[in-house]
Amino acid sequence: MEKTLLLLKPDAIDKGVSGQIIDRFEKRGFKIAALKMVQLTRNQAELHYCEHTDKPFFEELVDFITSSPLIAMVIAGENAIKASRIMMGSTNPIDAAAGTIRGDFALNIRKNIIHGSDSLISAEREIKNFFTEKELYL
Ligand code: CMP
């Protein structure tokens, strides 16, 4: 069964919409394999976003994602990576269609509510950055 890492970012917690977002994934048919609330250290955030280290927005991204707690979760199901990215909508919420998570809950590219792994390789690496094998209930 395919797995992916989702982060409900600090803005999802601030807005009080994390339950609604989790509900969408459960209703779609995904199984929650792991879930925890955590405030990231800069080290953990830099590791998670290592593909973006050379981007001009990197420091701002790490500042935001470490600013307060987030919810990290692993969901499992058929085509979990592709399906969850379609459910999330475009990275920039301005371009995200209504009905997608970012299209319904966000306006700002930094505060874009949710992160989801973009490939099998990223999912494997990102899941390991948040959960041990023992914490995954498949
Ligand atoms: P995410 O899916 O978590 O992956 C990388 C994140 O970088 C992305 O969501 C956005 O929140 C953030 N991001 C991408 N482009 C920009 C930008 N131009 N300015 C600020 N943040 C950005």
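Just so it is clear, glycine is given a Cβ too, placed from its N, Cα and C backbone atoms.
Record check, TrEMBL: ATP site residues include Lys9, Phe57, Arg85, Thr91, Arg102, and the candidate from Asn79, Asn108, Asn112 also listed there is Asn112.
A helical conformation is recorded for Arg102 (ATP binding site) in the three-state DSSP classification. In this structure, of the binding-site residues Lys9, Arg85, Arg102, the smallest number of CB atoms within 10 A of the CB marks Arg85.
When the binding-site residues Lys9, Phe57, Thr91 are screened for a Cα within 10 A of the Cα of His115 (active site, pros-phosphohistidine intermediate), the ones that qualify are Lys9, Thr91. Burial estimate for the recorded positions (Phe57, Thr91, Asn112, His115): highest at Asn112, by number of other CB atoms within 10 Å. Helix, strand and coil counts from DSSP across the domain 'Nucleoside diphosphate kinase-like' (1-138) read 66 helix, 26 strand, 46 coil.
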